[in-house]
Amino acid sequence: MELVVEPLNLHLNAETGSTLLDVLRSNEVPISYSCMSGRCGTCRCRVIAGHLRDNGPETGRPQAGKGAYVLACQAVLTEDCTIEIPESDEIVVHPARIVKGTVTAIDEATHDIRRLRIKLAKPLEFSPGQYATVQFTPECVRPYSMAGLPSDAEMEFQIRAVPGGHVSNYVFNELSVGASVRISGPLGTAYLRRTHTGPMLCVGGGTGLAPVLSIVRGALESGMSYPIHLYFGVRSEQDIYDEERLHALAARFPNLKVNVVVATGPAGPGHRSGLVTDLIGRDLPNLAGWRLHPVWRSGHGRGPEPARCSPRHSTRAHPCRCVLSQRRLSEGTMRTQFNPRIPSHE
């Protein structure tokens with residue numbers, strides 16, 4: 001049978017029963033993938049014509065047809081098919097692994113946010129903006145975005161206290177320096193596109209600052225010189241953290257503009273009052289033609305929830321973060337499963 005891959009206009013021979021990812025990899029077609037078990041959502045692609053058998057963990061229909069999004073590692077070929085994959089400048093392949101680590105610091109960032117630092121036994125490569133699952137105990141496992149870069153001496157996660165949250169309660173009240181943890185990843189498609197040339201808009205609220213900080217640092221330290229507009233939104237002055245780090249970056253890199261926005265109560269010196277989305281609308285009234293990277297918000301469930309970028313979305317009820325950069329429009333999602341099957345153990 002034939003598999004057509006757009007926008008590359010490739011015509012590939014394939015065997016019935018093969019997964020899309022197997023066929024793409026065997027033909028050296030560039031596509032991002034990570035866990036290879038249908039959990040991370042990295043190998044997402046779209047069906048243009050034909051049907052596939054979808055074995056994904058969340059699928060509600062075994063046959064996926066025109067317009068459906070599937071995971072290449074879980075979609076099985078049953079007939080001639082045409083698919084669309086992300087453009088090659090968005091490809092990243094960091095095979096997911098399990099790496100042991102040791103907690104080296106648990107710092108109080110705010111009254112309800114802890115900054116967790118972990119020293120890994122072995123390096124873990126990831127792209128800025130990706131996330132990993134952290135296993136504190138067999139019963140305490142959650143996904144968190146990396147706040148740093150793979151070149152950092154330690155891995156950093158920012159964890160917010162969730163009322164009634166089993167894992168955050170453990171982190172705040174039981175976890176101690178010296179504890180052993182397991183890091184599974186990297187996962188996710190909301191990573192920095194390094195080949196992009198154009199301005200970026202980055203928005204983070206609460207612990208949504210973590211992946212935004214990773215992306216902004218990755219962009220700046222790799223030499224990207226176009227304007228980067230960073231908006232950090234909080235409910236009140238007591239929720240602000242990492243401000244010194246943000247302004248230190250802005251002092252080093254003049255193309256970075258930092259806005260700290262306080263939604264309720266008086267704003268302190270150098271801060272702005274109101275909703276982040278309203279201020280963005282006034283500061284940047286025309287975002288036509290800007291490129292949209294995956295957008296998500298931190299919910300109170302098991303993991304990141306997909307979210308749409310809209311003027312009134314999620315600034316108060318949920319921390320949110322988004323990254324936009326000028327040019328084309330693309331869209332991605334992050335999976336909500338918190339315990340992916342990772343093939344290798346270290």
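Glycine is no exception: its Cβ is also placed from the backbone N, Cα and C atoms.
These figures come from a predicted structure and were not determined experimentally.
Copied from Swiss-Prot, the annotated features are:
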DOMAIN    1-89  domain '2Fe-2S ferredoxin-type'
BINDING   Cys35, Cys40, Cys43, Cys73  [2Fe-2S] cluster binding site
DOMAIN    96-193  domain 'FAD-binding FR-type'
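Taken through DSSP, the domain '2Fe-2S ferredoxin-type' (1-89) splits into 9 helix, 32 strand, 48 coil. For Cys40 ([2Fe-2S] cluster binding site), the count of additional Cβ atoms within 10 Å of its Cβ stands at 31 [all protein chains shown]. The C-beta environment of Cys73 ([2Fe-2S] cluster binding site), restricted to residues of the same chain at least 6 apart in sequence and closer than 8 Å, consists of Thr19, Leu20, Leu21, Tyr33, Cys35, Met36, Ser37, Gly38, Cys43. The domain 'FAD-binding FR-type' (96-193): residue composition by secondary structure is 8 helix, 49 strand, 41 coil, according to DSSP.
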